[in-house]
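**Student:** Quick one: structure below, then a few questions.
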Amino acid sequence: MTTLLQSNLLGFDYAIQVPATLTKSRKKWHSLFLTIYCSRKFSSIVLKSPTPQHDESEVVHRSPSYVSLTVMPQSSSFGIDQTTLVELVKEKKLERLQKHGGVNGVASDLGTDTRVGISGSDEDVVCRRETFGSNTYKKPPAKGFFHFVIEAFKDLTIMILLGCAALSLGFGIKEHGLKEGWYDGGSIFVAVFLVIAVSAISNYRQNRQFDKLSKVSNNIQIDVVRGGRRQQISIFDIVVGDIVCLKIGDQVPADGLFLDGHSLQVDESSMTGESDHVEVNASRNPFLLSGTKVADGYARMLVTSVGMNTTWGQMMCQISRDTDEETPLQARLNKLTSAIGKVGLAIAFLVLVVLLVRYFTGNTTDEKGNQEFNGNKTKSDDIINAVVGIVAAAVTIVVVAIPEGLPLAVTLTLAYSMKRMMADHAMVRKLSACETMGSATTICTDKTGTLTLNQMKVTKFWLGQESMKEEGASSISPFVVDLIHQGVALNTTGSVYRASTGAEFEFSGSPTEKAILSWAVMEMKMDMEKMKKSCAIIQVEAFNSQKKRSGVLIGRNDDETVHVHWKGAAEMILAMCSTYYDASGVIRDLNDDERTKFEQIIQGMAASSLRCIAFAHKQVPEEECQNLEEQKKLKEDNLTLLGLVGIKDPCRPGVKKAVEDCQYAGVNIKMITGDNVFTARAIATECGILKPGQDMSSGVVVEGEEFRNYTPEERMEKVEKIRVMARSSPFDKLLMVQCLKQKGHVVAVTGDGTNDAPALKEADIGLSMGIQGTEVAKESSDIVILDDNFASVATVLRWGRCVYTNIQKFIQFQLTVNVAALCINFVAAVSAGEVPLTAVQLLWVNLIMDTLGALALATERPTKELMEKPPVGRTEPLITNIMWRNLLAQALYQIAVLLTLQFSGESIFGVTKKVNDTLIFNTFVLCQVFNEFNARKLEKKNVFKGIHKNKVFIGIIGITILLQVVMVEFLKRFADTERLNWGQWGACIAMAAVSWPLGWVVKSLPVPEKPIFSYLKWRK
């Protein structure tokens, strides 16, 4: 090494010499060169062994203007490759796992610390993502715009019209030449293509919106440990090497290996089809598959494969979300469309026959008054041209008669309401739920987090029969404090994180866990890490909503004694105890008198709307401990009560108003909670579900067990009276939903736990919670309430009614046009042998009412009036008596006016036949524009109320009028119209405007409550 240094000194000396002539900036460059040169030279001296054959010590090479880096393949930074990781979990072979040093060996190969996780730095995450892939799935390509254009072309009536247009175009050009002859056929082509384009664009946009919602619903938040800190990240951000925290109800987000945890049971039915739960543990089965659900227990897992490298990913890439789901309302509308279509076809066929008969019998004349058909004298081209025109007119009647706008109206309404509901914190997973919610008669709601804020805080602590005030741990026996610390720190699924000594604590877990941990750390001075190191967990019984408690069996490291700790619902833990500790640490007997005192303490806290949690403890003798381990059970009797805490969870602001709104709308609200009957009653009164001073003895408030033990007849008799069910299990919730449905109710249910899944599926509308809800609950539900707030449930109810009403408005508007158009064309065809409204004009009317009308009426926002009516029953007809009254009055008026114009218009206005036909067309379209205002309100006389809020409606009315002016005044050849003067426009507007006062008068007429068609059935 000495010789090496000496041989390099010359080079250093040469480099160090700074010429005096250098400028200041050049001296800086020289200094920089010197630093780089020296550092590289020193490193080469240290790293290289002396090589006599290459002595380059006396030569100073020019420093290159670039830095040379040796780039290694990225996988080399990890000790295991992707293929091995995939096969490890897929094959589920323990021997293969052991070859890699078990789970800890794989974690080491992946650069993961099993305690603190990966570093979580951006570079680390990017490196892992590039090496092992991202947690996303390839999806089948989305349907493009062209797909919807082709779908629109498949409509039979459109194809017939295109055929007629082609024939008309061909004969027109042949007869009149290209310059004049293309108008008739060309205008039908343009009109048809316009209808297709509008239909395709609207369907394409709705499809894109459903795809966006699908992405949002798949974006699950997952608990991971990165850099020693537990945090929530998107499922798409998980990388190989991450440590994921799993609890009951979670979806396993990627393939991985079990690190540590207790009582982990996984439902693999989504992968294997087997309904039995699989136990996952470190010794026999540490393999976890993506897409499976946690049925019980909790654990931490090491992620080994993500995205397309998992079996679930390969399955998901072949599945596309079906957005063609047909809702019950759409099914009913399709039936209605079919029925109207049949009537339209019959009338069109009659018109076709009448027009053909009139033509071939010589009863029709051309524009000059000459007879059109003269037997053999008429050219064959003229005959074919006339027949094509007659067929086109008949087909166009079918186009107008078939209300294909109805399904479009439903799609538009649902898509619009889904978008708006997202802004109102409700994500629709099933389209049918949107409309079913409008018919809901009963809502069964949870308490915690839905009616309350889920921001929990320990406000009361009782030790023995003393309420501990502000002094906390200082006045309590250290022995008892230590036991409480054990009971909190080791019997929890939450965690405590502190970045540095002076930093604030971060608590994670469920709101109840966070409240207890916060109290133990801040007031009882608990050191979580110290507790965990001082004891070893032997066995765990995880909390679930059935048992309402959780337990842990621990071994103390200092004296090797074994202890059992329980935590849970206060009265349930109290029932397991035979003794209790007082503040000085003395164990006292829990006789009947003492037990009654404790029950009164619990009731007192519950009456103050506090959730009561109790802690109990027992040292377990060695021989008993072995039996418990073999039976996989914890000791559940003769425990010693450690203490009681009261947790305050305040009611959500605005929840009382939301409950009152629902009750005013004729919807019953029932609260189903796991809390005890006193807490439940206090919260229900605070929220307005129970009235203050309400008689509780009449079966308004029941406990789950009591409800369960009723006979089926008793349950059916009492279920409607019940307002609050306390201490209920998920089975009780399911039982209540089934009873209510049997009674004919449309039931909406809120749920957040895994065990709520059966009730959510059974209900007509399942509402899961976006924040507290487990993935299992969300998948079983129809709508996800994103902010867990009952006020959002009330909003969903309002939107549900809005969807139903908007569709009824559109049906009334559409059927008015259908009835009027069919009658006018039929009567004119039979009597005069011609159709006043041409194919192009009828297609234009079709476009106005189908697409623009649907858009205008589908975008009406929910109003207060919607919540003033009782719910719509399951069996109520879609077209009510009120709608029949409104539409028949308007249709009869339009028929009367237009037939008067058809037969007497020329003499009344002193105009030619062509101008008269334009007057008929213009009046007909304007009647629809004015009637669109009438359709805004089915019952209310003031149709303009709130119109300024619906800018879409105003915009569409404006566009329709503008296009109508263009059609009449500027597109003479295209629309087959003549220009009208101011007086004629005024007359058309005046005739159309009569529909407003007519609508006002008609709405004063009473209608029978019984549906019209039920009388026909009765007579039959």
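One is the number of the first residue shown, and numbering goes on along the chain from there.
Cβ coordinates come from backbone N, Cα and C, glycine included.
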**Student:** From the ranges 566-586, 839-859, grab the one TrEMBL calls transmembrane segment.
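**Tutor:** In TrEMBL, the transmembrane segment feature sits at 839-859.
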**Student:** For a three-state summary based on DSSP, what are the helix, strand and coil counts in the domain 'Cation-transporting P-type ATPase N-terminal' (99-173)?
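**Tutor:** Taking each residue of the domain 'Cation-transporting P-type ATPase N-terminal' (99-173) in turn, the totals are 47 helix, 3 strand, 25 coil.
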**Student:** Please give the sequence-distant neighbours of the transmembrane segment (982-1002): residues at least 6 beyond its ends with Cβ less than 8 Å from one of its Cβ atoms.
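**Tutor:** Answer is 885-886, 889-890, 893-894, 897, 909, 911, 915, 919, 922-923, 926-927, 929-931, 933-934, 941, 943.
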**Student:** For the transmembrane segment (185-204) against the transmembrane segment (952-970), do we get 3 or more Cβ-Cβ pairs below 8 Å once near-sequence pairs (under 6 apart) are dropped?
**Tutor:** no
**Student:** Other than its close neighbours in sequence, what residues sit by the transmembrane segment (839-859), given a CB gap under 8 Å and a spacing of at least six beyond its ends?
**Tutor:** 161, 164, 187-188, 191-192, 194-195, 198-199, 202, 392-393, 395-397, 399-400, 403-405, 408-409, 412-413, 416, 806-807, 809-810, 813-814, 817, 821, 921, 924-925, 928-929, 932, 935-936, 950, 952-953, 956-957, 959-960, 967, 974-977
